[in-house]
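Going by TrEMBL, these are the annotated features:
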- A:24-43: transmembrane segment (TRANSMEM)
- A:79-98: transmembrane segment (TRANSMEM)
- A:105-123: transmembrane segment (TRANSMEM)
- A:151-169: transmembrane segment (TRANSMEM)
- A:200-221: transmembrane segment (TRANSMEM)
- A:277-299: transmembrane segment (TRANSMEM)
Amino acid sequence: MRTIWIAAGLLALAAPLLLPERHLAVYVLLALTAAVAVGVSMLMGYAGQVSLGQASFYAIGAYAAGLLAVHGLPPLVGLLAAPLVAAAAALLVGAPLLRLRGHHLAFATLAMQLILLGLLSRGEWAGGAIGLQGIPRFSAGGAELRDDRGYAYLALAVLASVVLIYRNVVVSRVGRAMRAAATGEAAAAACGVPVGRYRLAVFALSAAFAGLAGGVYAFYLGYLSPGSFPVLLSIEYVVMAAVGGLGTIAGPLVGATVITLLVQALTALGTQPGMPGYAPAVLSYAVYGLVLVVAVLYLPRGIVPSIHSVLGRGKR
Amino acid sequence: MTELIGYLVTGLGIGAGFALVGSGLVVTYRVTRVVDFAQGGFAVLAAMLTASLLSAGLPHGAAETLGVVAGAGAGLLVGVAAIGRPGTAPGASLIVTLGLGLLAYAVEILIWGDQPRSFPGLGGAVEIAGARVPTHYLLIVAVTGPVFAALAVFFARTDLGKALSACASNPYAARVVGIDVRRMGLLSFALGGALGGLAGVLTTPVQQVTFDSDVALIVNGFAAAVLGGLTRPGAALAGGLLLGVAQTVVAGYGGGAYRLEVALVVLLTVMIAQGVRTPPAQEATA
């Protein structure tokens, strides 16, 4: 297991140097997506809750970083503020929302994202529907990040720190308590686990992951619009987390990688000359839909746990 | 004053559409404990199909009926995927319906493209207390009323309706007395699909549909349904009408851009209030 992690880490480190420039955008987006998916996997696996609004926190982080930078603060401040603002927003909306369960919570988070999109697309301060323009490039200590290679490493650093935090939370006392709460809430509460508070904490932490990734996204693109954060994006994160395996560390990474590369390959196919203009959209909707249905019905625990049990290591 | 009456009538028409979508959710949930995320998609599918059939020369009435039947068929297919495998948990079924909703996008774009569609409904306008209201809104209300009355009679008075309700309240006991719970579940999905399809067919002449209109429909429908705890079609009707009127009034008096937000805030408020009242004590029975 350890060797696989080291190999994957080395591959991730080497890839930006080996990949041609035009493929680096996929790498950056993949790393950022995986960072958000880790948060969703944690939320679903440890708080037992489906959030259909995780892209809201990605958007909040992106807009927080973008707005601060546009108004003249150093980009580093913007990037550090992104996860904090997202977590604060999660605490604010999570306190009432997390009283809800199951499909109620799913709808509530969906509603939350639609409200946010409405506010962003009409808020003059956020650039409205046209979007927030002119976000400077990321810089820290006088060094400015210009090329995609730099952003690839920044995104990788974000992903690595998110995975490390996730790992440390999981093995901690809180992580074990959360797992207990996800399996049997009443039993965990009877054992003295403050279920409500832990659930809110996990919600805020997963939002912080998304916010941090969103911050990098803002500097990488230099431009934000409400249209970049559709409800579909939130669903994509759920697909990735569920397909990879909930509550595992490798699961969201595998899920994000498999699905992002699959969709990229199909988009490349869909944009071939001769294909109709709507082909990429059709293909990606079909992939997300099919993958979600097939995974839930035939691979309910996800890719990573299934591989584990095939290899005979029943350890989850 | 005349303005207000106009808003009220159009609001009732719009709200009837929400109520139909919401009642579809209710019917499925009542029987299977599954919230069907594809519910909005049935409306879109039925509306698109009806638009195509009408432009192919089919008469009104026939085209709309076929649209509703297609909605029921799609509902049945979603049901087969969502609850067809024994032992699928309601949470997993929800995710399956979500996936099928996405898959429907692909199919709809492939067949009908990604541009908004509409078709003509009942033409003309009538004057009610000085306010001119397009006749089609009255048609929506006139169709929705009897549909809900029929639903109420169906669930309360017929054996089949009672059997459907029995599946939700106690699946084990229902099986013991010889009710095929799975078949009842599939029937509820088909019925939900038909209700969603009816909503799409009725409201498309006054509101265009695009392949992703289902998000607004499902959110509004869910908001309507949630008022009755997702189990009472009558409450879904009341919720839908209230929501429709509230949105139209807000839109009419200047907040036109905030229509969906009105529904969402209502939805969140009601859900949170209900969530506070009912503690999560029933997890063991699920």
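Every residue gets a Cβ built from N, Cα and C, even glycine.
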Within the same chain, where does the transmembrane segment (A:24-43) have neighbours whose Cβ lies under 8 angstroms from its own Cβ atoms, ignoring anything closer than 6 residues to its ends? I mean 6 or more beyond.
12, 15-16, 49, 51, 54-55, 57-58, 148-149, 151-152, 155-156, 158-159, 162-163, 166, 169-170, 202-203, 205-210, 212-214, 216-217, 220, 236-238, 240-241, 244-249, 251-253, 255-257, 260-261, 264
If contact means at least 3 Cβ pairs within less than 8 Å, sequence distance 6 or more, would you call the transmembrane segment (A:200-221) and the transmembrane segment (A:105-123) in contact?
no
Per the Cβ filter (under 8 Å) with a sequence gap of at least 6 from its ends, the transmembrane segment (A:151-169) is approached by 9, 12-13, 15-16, 24, 27-28, 31-32, 34-35, 38-39, 42, 138, 145, 175, 205, 209, 212-213, 216, 219-220, 249, 253
State the non-local partners of the transmembrane segment (A:105-123) in its own chain: residues 6+ outside its ends, Cβ under 8 Å from one of its Cβ atoms.
49-56, 59-60, 63, 93, 97-98, 129, 226, 229-231, 234
Report, as numbers and ranges, which residues of the same chain sit near the transmembrane segment (A:79-98): CB under 8 Å and 6 or more residues beyond its ends.
49, 56-58, 60-62, 64-65, 68, 105, 108-109, 112, 138, 196, 199-200, 203-212, 214-216, 218-219
